[in-house]
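**Student:** To start, I am sharing the structure in question, which I have written as structure tokens.
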């Protein structure tokens, strides 16, 4: 008898700041950041198979199966572990694609964590993190599974305690090429290393934001609009921007302005989507690895 699909959350993340502190000889940029999980995101659906096949059962628009991070993650884990089982996989998308919110990386991490349990592999967290890094620089954070002070190219992770907060995240419907932003001659690549103490005093920023604001006025407009309610900042390389609020009620009141009025799309110059989310201290699947 065929098993039913199991559903696993794949939470979005935001970068509370992002400094570019240097560049490695291989071209990867060195960074400092704080990553925070949100109680909003995709859902990964997995059904174990007995026949070793790994299949995507529903298409993700714009993502061919061979480059689907979920399929790549499952295949990588299968080869690494020598597991003889397979899986059917599909994703219900909620996290905006190309927003700097880690959607694809989070999906891949949830596949690794879920299959570690479903296939009874009992791989340790550090082993999964190493596998995840080969899929993308953000994947290790989601397997780490806690609010993190991040350094290196994204692989050096240190747990950090953050105050409770609610976030309004808005995303203009535009495409931003992360590669083009990192290749920009205007990008600051030599920001002096900062400290957790400086971050806690908010003496930080997003180095990518200046370049994106210049090249994409829609992001500039979103930041201007959201800053009317609370200090706004871009996540990652955009296009999503966010602001923090002390209460769910305050955040939802701002989100209502996003959803109910034509004012924002007219001001920004394109369609804009938004959501409200509480910051998470831990990934919901963190217990799936030790």
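The backbone N, Cα and C atoms fix where each Cβ goes, glycine too.
Pulled these features from Swiss-Prot for this protein:
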ACT_SITE  13  active site
BINDING   96, 97, 98, 99, 100, 101, 102, 103, 104, 105, 106  ATP binding site
ACT_SITE  138  active site
**Student:** Note down the number of other Cβ atoms within 10 Å of the Cβ of residue 106 (ATP binding site), including every protein chain shown.
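**Tutor:** Within a 10 Å radius of the Cβ of residue 106 (ATP binding site) lie 28 other Cβ atoms.
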**Student:** Cα of residue 13 (active site) to Cα of residue 102 (ATP binding site): how many Å, rounded?
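**Tutor:** Cα to Cα, residue 13 (active site) and residue 102 (ATP binding site) are separated by 6 Å.
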**Student:** How many whole Å apart are the CA atoms of residue 104 (ATP binding site) and residue 138 (active site)?
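**Tutor:** For residue 104 (ATP binding site) versus residue 138 (active site), the Cα atoms are 9 Å apart.
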**Student:** How many whole Å apart are the CA atoms of residue 102 (ATP binding site) and residue 138 (active site)?
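**Tutor:** Spelling it out, the Cα of residue 102 (ATP binding site) and the Cα of residue 138 (active site) are 7 Å apart.
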**Student:** Beyond the listed site residues 96, 97, 98, 99, 100, 101, 102, 103, 104, 105, 106, identify every same-chain residue whose Cβ lies within 8 Å of the center of their Cβ atoms for the ATP site.
**Tutor:** 12, 95, 240
**Student:** Among the binding-site residues 96, 98, 106, which ones place their C-alpha within 10 angstroms of the C-alpha of residue 138 (active site)?
**Tutor:** 106
